[in-house]
Amino acid sequence: NVSQLSQQQGPQPPFQPQKHYGITSAISLAPPREIDNQYTKKLCDAMKPFGVFEDEEELNHRLAVLGKLNNFVKEWISEISELKNLPPSAISCVGGKIFTFGSYRLGVHTKGADIDALCVAPRHVERSDFFQSFFEKFKQHEEIKDLRAVEDAFVPVIKFKFDGIEIDLLFARLALQSIPDNLDLRGDSILRNLDIRCIRSLNGCRVTDEILYLVPNKENFRLTLRAIKLWAKRRGIYSNMLGFLGGVSWAMLVARTCQLYPNAVAATLVHKFFLVFSKWEWPNPVLLKQPEDSNLNLPVWDPRVNPSDRYHLMPIITPAYPQQNSTYNVSTSTRTIMSEEFKYGLSVTDEILQGKAEWSKLFEPPNFFQKYKHYIVLTASASTEENHLEWIGLVESKIRVLVGNLERNEYITLAHVNPQSFPGSKENRNENDFVSMWFIGIIFKKVENAESVNIDLTYDIQSFTDTVYRQANNINMLKDGMKIEATHVKKKQLHQYLPPELVQKKKRVSRLPLHVQTNASVHCFSGDEEPNPASSPQEEPNGLEDPVNGASVKRPHSPTQEDLAKRHKETEVRRTRRCCV
């Protein structure tokens with residue numbers, strides 16, 4: 001029973017918050033020690049070279065731009081109200097407001113990051129007004145550049161640069177006569193009588209505000225989230241589209257950690273984050289609060305009612321109604337990769353807090369191109385730069401279809417897509433083509449008692465390319481010169497596609513021959529996949545092994561300080577596991 005754990009922590013600190021956070025009681029209410037504050041300062045220093053923090057001038061520039069945008073929206077709503085013959089008394093107080101959400105609202109945006117924003121209008125302003133008259137009025141503004149509307153998106157949006165700052169602007173029309181400056185979007189009643197596009201548009205703001213409301217200390221949460229987001233990006237596991245986690249999911253995991261350790265500072269919280277989620281028993285969901293039913297008949301995540309929700313592998317549930325799983329794209333491979341990265345993160349932060357390593361070690365990237373013996377190279381090309389940008393957007397959104405196809409192949413254990421795309425090398429493209437490449441690391445199953453095995457990936461790849469071309473046709477995107485190809489290559493062939501600094505040759509151990517067929521050609525390579533990299537000292541730890549258990553240590557007769565710390569950690573792990581239930 002997690003609620004009994006705090007009783008084991010000794011006397012409560014005098015500044016213990018009275019409010020109860022989360023769906024269980026805290027694991028520890030321990031206040032920070034001086035050394036924890038020192039480690040937190042070192043953590044900040046380690047993050048600075050990565051452009052994680054904006055300076056005062058940049059922050060003020062963003063505030064000024066948002067102020068101008070807010071005034072612009074109010075002015076436009078007044079003009080629309082006049083055109084719709086509202087009385088002057090109503091026009092003077094009709095209002096309108098810009099809300100922000102995402103990383104900017106959470107206070108964790110990085111240098112040069114875009115701003116997610118929402119235009120909230122009263123009931124007499126239609127969505128068509130936003131995409132027509134607002135769009136046309138915006139066109140005339142001298143500080144607006146790269147203006148484009150995506151009206152048929154799942155969440156319709158207008159994208160633009162305002163005085164150098166990229167903004168994605170959504171629209172929601174509320175069932176209110178006017179929009180006051182002090183409007184709070186957290187109440188569920190605000191969703192009544194709204195169409196589904198407005199509900200979706202409001203969701204980002206409502207989730208962000210609820211996360212901030214549910215954490216014990218916003219500053220500790222923000223600094224911890226900055227560290228975890230940087231770590232996830234550096235380790236190649238930050239991408240909702242490709243089946244990893246996006247910004248809101250990482251924010252909810254950090255928020256849950258803050259709830260379990262409400263008095264801890266960022267250095268401690270980063271370590272506890274890895275402790276909690278390296279032991280989390282998926283698919284138990286991560287919840288920041290008990291889901292509530294607002295009787296608005298909107299679809300919510302509930303595996304008791306919705307059979308499809310039972311198949312979600314790593315559910316992290318948004319705290320605002322209607323509750324949704326933010327990680328529905330996670331696959332068996334991406335969950336495996338992230339779970340191993342949590343374990344590796346725990347081992348590194350253990351070292352850091354024991355004084356054996358610096359924080360910079362946590363942010364070291366893995367060498368993806370040394371991890372695997374086999375790769376799929378996915379190439380998307382187009383004949384013009386404009387077509388290429390459009391084409392790679394569609395291809396990238398469908399890569400998880402290819403990963404799913406590969407995962408279902410009986411001979412494949414894991415398919416690991418690198419979120420970073422690379423430009424096509426001159427040797428592998430026509431001179432006038434614009435090319436992007438993605439790489440998927442493959443682990444094949446060990447094949448017992450066989451001299452050779454023939455593995456045919458033609459169907460897995462062909463069904464993926466068919467899906468992409470069909471989708472492009474359906475939305476009238478497909479143009480001459482748009483091509484997609486997927487090819488199997490061995491690690492030793494990567495130098496044909498990538499610069500030498502990314503690819504380093506290693507000695508290979510010969511094994512049973514294995515044949516992979518991708519497009520009518522047969523590729524022969526050595527058999528059972530990667531040995532445990534932890535057993536190979538020249539390999540960088542890559543998150544696909546447990547660095548904690550990689551080596552056996554002879555235990556002395558009497559316990560050392562490290563042994564005592566380990567026992568304490570094991571006790572905490574048992575408590576952490578109870579939080580998963």
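A Cβ is built for glycine as well, from the same backbone N, Cα and C atoms used for every other residue.
Computed from a predicted structure; not experimentally measured.
Per TrEMBL, domain 'Poly(A) polymerase nucleotidyltransferase' is recorded for 22-215. Restricting the average to the domain 'Poly(A) polymerase nucleotidyltransferase' (22-215) gives a pLDDT of 95.
The ATP binding site annotation in TrEMBL covers Phe101, Gly102, Ser103, Thr110, Asp114, Ile115, Asp116, Asp168, Lys229, Tyr238, Gly247, Val248. Within the same chain, residues at least 6 positions away in sequence whose Cβ sits under 8 Å from that of Lys229 (ATP binding site) are Ser103, Val108, Tyr238, Gly247, Trp250.
Spatially close to Asp114 (ATP binding site) yet at least six residues away along the chain are Ile165, Glu166, Ile167, Asp168, judged by Cβ distances under 8 angstroms. Under the heading Mg(2+) 1 binding site, TrEMBL lists Asp114, Asp116.
Marked as Mg(2+) 2 binding site by TrEMBL: Asp114, Asp116, Asp168. Taking all protein chains in view, 18 other C-beta atoms sit within 10 angstroms of the C-beta of Asp168 (Mg(2+) 2 binding site).
According to TrEMBL, the domain 'Poly(A) polymerase central' annotation covers 220-364.
What TrEMBL records for 367-433 is domain 'Poly(A) polymerase RNA-binding'.
Under the heading region 'Disordered', TrEMBL lists 524-581.
The feature compositional bias 'Basic and acidic residues' is assigned by TrEMBL to 563-574.
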- Tally of helix, strand and coil residues over the domain 'Poly(A) polymerase RNA-binding' (367-433) according to DSSP? 30 helix, 17 strand, 20 coil
- Query: Using DSSP, how many residues of the domain 'Poly(A) polymerase central' (220-364) fall into helix, strand and coil, respectively?
  - Reply: 74 helix, 6 strand, 65 coil
- For Phe101 (ATP binding site), write down the residues of its own chain that are at least 6 apart in sequence and whose Cβ falls under 8 Å from its Cβ; none is a fine answer. Asp116, Ala117, Leu118, Gly204, Cys205, Val207, Thr208, Asp209
- Query: What span in Å does the ATP site cover, taken as the longest CA to CA distance among Phe101, Gly102, Ser103, Thr110, Asp114, Ile115, Asp116, Asp168, Lys229, Tyr238, Gly247, Val248?
  - Reply: 21
